[in-house]
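Asker: First the structure, then my questions, so here it is.
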């Protein structure tokens, strides 16, 4: 088994792109196959090396590796060779219509109630007419001649049996007036030359597949197995509020763990429940392309954020040790169940070890809290003893008491379990924070 992921280096990878790459890669690894990374950069003007680098970085971040890679821009000689072969055999023909002329044809067809399918008019041109057009300065574009008397059929791994009547499809342009190859032909040539056995991509390529199957047949090559995944639909109202939308670069900047995104995308649209995974191999082992539904899918940001928190909760210290600097395992195992993003670890470490901005609270409460703090090092019983001592001294609701203590010691109204926080803050620092609050109150 050999599959490929073929991004165009004309922009950042999007969630939809990375989902296709991930499913293709897991399918391959589950079957002990090989995975090929191909950069579709035939349009040299729009392609940029910075996007090549970024795509590689994003794929590595999510955990995808590959057995080999190449750029289509390295294979123009091969594409020219096959192009000339197909032209010689009558499968490709030159067209001289301008964009304006083609647009006029389309509008007329629609007005007459016909589908806007190219009429193959260029096939009727005489050699003299072609020469005249070229003398006028017209540069030809080239189309692949579809056999419109055939219905292309294949058994799709996700969508089941598909039948496409090519009579409803325009002969595709394979080479533009400026000499640049479009997506269609180079992709087919590469799949044949590199022995690609399975093609996994979005369902927006279904019509392309029908066209490419006829190209493969024209080249007398073996047709690969196809799997067309349903496209993701997004909640635009939520995504519009995100800087960068849903490209992988912005998701990484938003501190989504790679395994959170992987856990979500690998199971979205399958019969399996969406759960938090912390190792890729478990996802690979449970992968089955037949579990994917052909129904449309909704991508939920809130679901991904929930998974992010669950992934962090499951991560052992060894997985995060190199990201924690001087923070030890004890603090990690305490804090991981109370965070949504990894950066919150440093935030709470700072609160525990480096103090806070003093919070102005009730003067009497601070005085009593100081005088009733249990002696000795803080332990898991310190908070309950302290609360008992305070309530024996003043009449205060438990909810208000906890809120006052949390504000005085952490500067926040919410956070991790206070009883355990006291252990990391330490008795000395607790006293210092309460005394600082006292000094602030006296100045007010």
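Note that Cβ sites are derived from N, Cα and C of the backbone, with glycine treated the same way.
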Asker: Among 223-227, 228-232, 233-237, 238-242, indicate the range for which Swiss-Prot gives the feature motif ''KMSKS' region'.
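Answerer: That would be 238-242, the stretch labelled motif ''KMSKS' region' in Swiss-Prot.
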Asker: Between 7-17, 18-28, I'd like to know which one Swiss-Prot lists as motif ''HIGH' region'.
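Answerer: Of the candidate stretches, Swiss-Prot labels 7-17 as motif ''HIGH' region'.
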Asker: Report, as numbers and ranges, which residues of the same chain sit near the motif ''HIGH' region' (7-17): CB under 8 Å and 6 or more residues beyond its ends.
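Answerer: That would be 39-41, 43, 46-49, 51-52, 54-55, 58-59, 202, 231-232, 234, 245-249, 251, 261, 265, 299.
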